[in-house]
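These come from TrEMBL:
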BINDING   G162, G164, K165, T166  ATP binding site
DOMAIN    151-281  domain 'AAA+ ATPase'
DOMAIN    367-436  domain 'Chromosomal replication initiator DnaA C-terminal'
REGION    1-84  region 'Domain I, interacts with DnaA modulators'
REGION    340-459  region 'Domain IV, binds dsDNA'
Amino acid sequence: MKNDTWGRVKQQLLETVGRNNYANWIEPLQLQKVDNGVALFSVPTSFMANWVARNFSDQILKHLKALDVPASRVEFKVETVNAADTVRAASSDSSAAAPIARAASESGPSVEELPGAPLDARFTFDNFVVGKPNELAHAAARRVAEGGPVTFNPLFLYGGVGLGKTHLMHAIAHEIQVRDPKLRVLYLSAEQFMYRFVQALRDRQMMDFKQLFRSVDVLMVDDVQFIAGKDSTQEEFFHTFNALVDQGKQIIISADRAPGEIKDLEDRIKSRLQCGLVVDLHPTDYELRLGILQTKAENYRAQYQGLVFADGVLEFLAHRITTNVRVLEGALMRLFAFASLVGREITMELAQECLADILKASDRKVTVEEIQRRVSEHYSIRLSDMIGPKRVRVIARPRQVAMYLSKQLTSRSLPEIGRRFGGRDHTTVMHGVRRIEELQTTDSQMFEDVEMLRRALEA
Ligand SMILES: Nc1ncnc2c1ncn2[C@@H]1O[C@H](COP(=O)(O)OP(=O)(O)OP(=O)(O)O)[C@@H](O)[C@H]1O
């Protein structure tokens, strides 16, 4: 095959896989030869060989065939790391092997054999929009991805649903792999960790399990709250964690809440998790949501050329859909797909019509938990003190503010609110609410604090 044929195939792939995928995965491929029905490409890393084999080989093959290139299979040869590493990928015939990696490593199983979860190619730093609520988490993730001596261990990222924890973890993994393809990065969810552990126990393969997890250079465990209450898994996690930290290997953990707030997690694990850097992803604010929408809309515009987008629609969505970024993304995707199907301009009316269910579900619903979190942050007290027994004023007053705001901003009854504040009686809640009402008329600082918090919660 001539190289200009491959050039044409690349051009077509650019259109089908999108700009980012193209730049990350297709552009670096070098066609070596087509021989005996096999199109052989060289790639810079075995990680990339695997990824391309798994995700793009079918498409590459399809386009090659469309231009009458006599290939029924594609293979990827790692050029720089180890010339012997070849990853074979699917052909159209069903007897073809699934991707096989033949990389060998002296320090344990090859990167390809690590029992991790696949990384999403879209979750890169380039695609991550930074704003006030996530700037610290983003900076910490970048710092860890740079490699070098381990400065904080573990990096613990936490935050509510769909705020970008997994995205940042994958971005770190991609970046580390690009910087140093030899590093053994293992990313998996805590659930998968447990599953592997149970399987090793059942198959009497505990030594292999231990060796495998202790042989990685970077361990990433997503949604660690999952192992809370699972005693043996916690125990094994604890030992794995310690062994890696002792060897100076980087660990990155995510959870839906801070280590200290994870119920049924052993204290010794909580304290280990707090040893490094703990950073949270705050709920998005309007500016961040708009930034994310603008970036994603830009990508869709390239995909759905010719679609007209009325002014103010993105602002409207950023204002109305405040739940999480996943919902925001879903809404935008639906809007573009719908508009292109019916061939209409994307106007405010179209958005309202097509997204009626999402908009209805997103009608601002502030929760007591959100109020407790915001108020404790504002007064710099621990979230656990909100529901704990302490009665000193520096804690009791913020607690009353949170009770007051819960009464004002949610539809919860006084007993329901009491239950969420560590099982307090409804009369305690009533007393707290009244106290804050009074204080707002006599204490201007209290008035300002409550107003500020209310605005932030309603934003
Ligand atoms: N700042 C951001 N910029 C661009 N995309 C983002 C950002 N934050 C989140 N997203 C996108 O939102 C979606 C949800 O993010 P992600 O899966 O990382 O959330 P999460 O915090 O891990 O959620 P969960 O608690 O459900 O595991 C992803 O598609 C991700 O790319």
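Cβ atoms are placed via backbone N, Cα and C, with glycine included.
Least crowded of the binding-site residues (G162, G164), judged by neighbouring Cβ atoms within 10 Å of its own Cβ: G162. Around the Cβ of K165 (ATP binding site), a 10 Å sphere holds 24 further Cβ atoms from the protein chains shown. The Cβ of T166 (ATP binding site) has 20 other Cβ atoms within 10 Å, all protein chains considered. Note on the region 'Domain IV, binds dsDNA' (340-459): mean pLDDT across this stretch is 90. Remark: secondary structure over the region 'Domain IV, binds dsDNA' (340-459) totals 88 helix, 1 strand, 31 coil, with classes taken from DSSP. Across the region 'Domain I, interacts with DnaA modulators' (1-84), DSSP assigns 43 helix, 18 strand, 23 coil. The record gives G162, G164, K165, T166 for ATP. Within 8 Å of the mean position of their Cβ atoms, the other Cβ atoms in that chain belong to G159, V161, L163, H167, L168, S254, L281, V325, R326. Reduced to three states, the DSSP call for T166 (ATP binding site) is helix. When the domain 'AAA+ ATPase' (151-281) is classified with DSSP, helix, strand and coil residues number 67 helix, 26 strand, 38 coil.
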